[in-house]
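Trainee: Sharing a structure with you now.
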Amino acid sequence: MKHSTNVLMHTLFISDLHLSPVRPDITQCFSQFMRTEARQADALYVLGDLFDFWIGDDDPTPFAQQIKSEFQQLTASGVPCFFIHGNRDFLIGQRFAKETGVTLLEQETVIDLYGTPTVILHGDTLCIEDVRYLAFRAKVHKPWLQWIFNRLPYVLKKRIVKRVQSDIRSDKEQKTMAIMDVTPSEVLQVMKKHHVDLMIHGHTHRPAIHHLMESDNKVRIVLGDWYSQGSILSYSPQGYKLESRSL
Ligand code: LP5
Ligand code: MN
């Protein structure tokens with residue numbers, strides 16, 4: 001870990017940036033973040049949905065190159081960087097990791113945050129009432145399907161995703177907000193399974209610090225999306241805060 005003498009120890013968490021070439025304002029805010037405050041951190045964790053869509057590490061576009069370069073420069077400067085897949089960029093693979101110096105973590109990972117064991121995850125798997133999504137997820141996470149998909153030419157993959165996307169969109173429009181939020185019993189179960197009192201996740205785009213009803217010492221921190229502002233969790237041994245940055 002990198003420790004600066006003049007900046008307090010802290011670790012940064014971000015998620016749900018949904019970076020895409022059609023939102024240069026978000027990309028700009030992200031680049032600025034990576035080149036300035038991220039450089040001062042002990043580590044950066046990206047908890048999924050960094051990209052609006054990532055259909056493979058063979059993405060040849062200058063946009064993909066630009067984002068990879070930001071990570072490469074950050075890790076080269078000595079800041080360890082970790083990534084957990086989201087539901088939109090679960091196809092980020094080892095080639096991306098190698099090119100950027102980013103370490104890919106398991107879906108649910110326990111980290112030691114200055115002495116506090118903490119479970120980190122994207123958050124989609126906590127929404128267990130969203131059964132149609134979970135069925136979709138199980139399908140696209142099948143290793144054999146991904147194996148085949150990863151071997152298709154980039155342009156063909158783009159065409160397939162475009163077709164699947166419109167079916168998905170109309171299905172999502174029929175869901176209620178409650179279905180698309182986390183299920184409290186599942187949150188508690190995951191925290192108990194990992195023997196932790198702190199959980200950090202994204203996905204729901206409902207930034208908040210929740211003190212669990214069932215147990216007064218358990219806390220769930222939800223990261224915000226980057227749709228209309230940058231959203232960052234800064235965690236230090238002295239405390240933590242959810243912050244925003246204007247686009
Ligand atoms: O991200 P958000 O908030 O918009 O919505 C999510 C859920 N949606 C998704 C879909 C992604 O946006 C699209 C990901 C595409 C990536 C490339 C895939 C390439 C295929 C790879 C093959 C190996 O994750 C949404 C949730 C919401 O979060 C809240 O939790 O509700 O879920 C859905 O809307 C999913 C639908 O309910 C399922 C509809 C099934 C349609 C049939 C598709 C056919 C499957 C083909 C498989 C190859
Ligand atoms: Mn998500």
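A Cβ is built for glycine as well, from the same backbone N, Cα and C atoms used for every other residue.
If you look up TrEMBL, you'll see 9-207 marked as domain 'Calcineurin-like phosphoesterase'. As annotated by TrEMBL, Mn(2+) 1 binding site applies to ASP16, HIS18, ASP49, HIS205. The Mn(2+) 2 binding site annotation in TrEMBL covers ASP49, ASN87, HIS122, HIS203. Look at TrEMBL and you will find ASN87, ARG88, ASP130, LYS172, LYS175, HIS203 tagged as substrate binding site.
Quick one: where do these features end up spatially?
Mentor: Reduced to three states, the DSSP call for HIS205 (Mn(2+) 1 binding site) is coil.
DSSP assigns ASP49 (Mn(2+) 1 binding site) to coil, not to a helix or a strand. If you take the C-beta of ASP49 (Mn(2+) 1 binding site) and look for same-chain residues 6 or more apart in sequence within under 8 angstroms, you find SER15, ASP16, LEU17, HIS18, GLY86, ASN87, ARG88, ASP89, HIS122, GLY202, HIS203, ASP225.
For ARG88 (substrate binding site), other Cβ atoms within 10 Å of its Cβ number 21.
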Trainee: If I take every residue in the domain 'Calcineurin-like phosphoesterase' (9-207) and average their pLDDT values, what number comes out?
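Mentor: In the predicted model, the domain 'Calcineurin-like phosphoesterase' (9-207) has a mean pLDDT of 96.
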Trainee: From the Cα of LYS175 (substrate binding site) across to the Cα of HIS205 (Mn(2+) 1 binding site), what is the distance in angstrom?
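Mentor: Answer for this pair: 16 Å between alpha carbons.
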Trainee: In this structure, which of the binding-site residues HIS18, LYS175 has the fewest other Cβ atoms within 10 Å of its Cβ?
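Mentor: Comparing Cβ neighbour counts within 10 Å for the binding-site residues HIS18, LYS175 gives LYS175.
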Trainee: Around HIS122 (Mn(2+) 2 binding site), how many other CB atoms lie within 10 A of its CB?
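Mentor: For HIS122 (Mn(2+) 2 binding site), the 10 Å Cβ neighbour count is 25.
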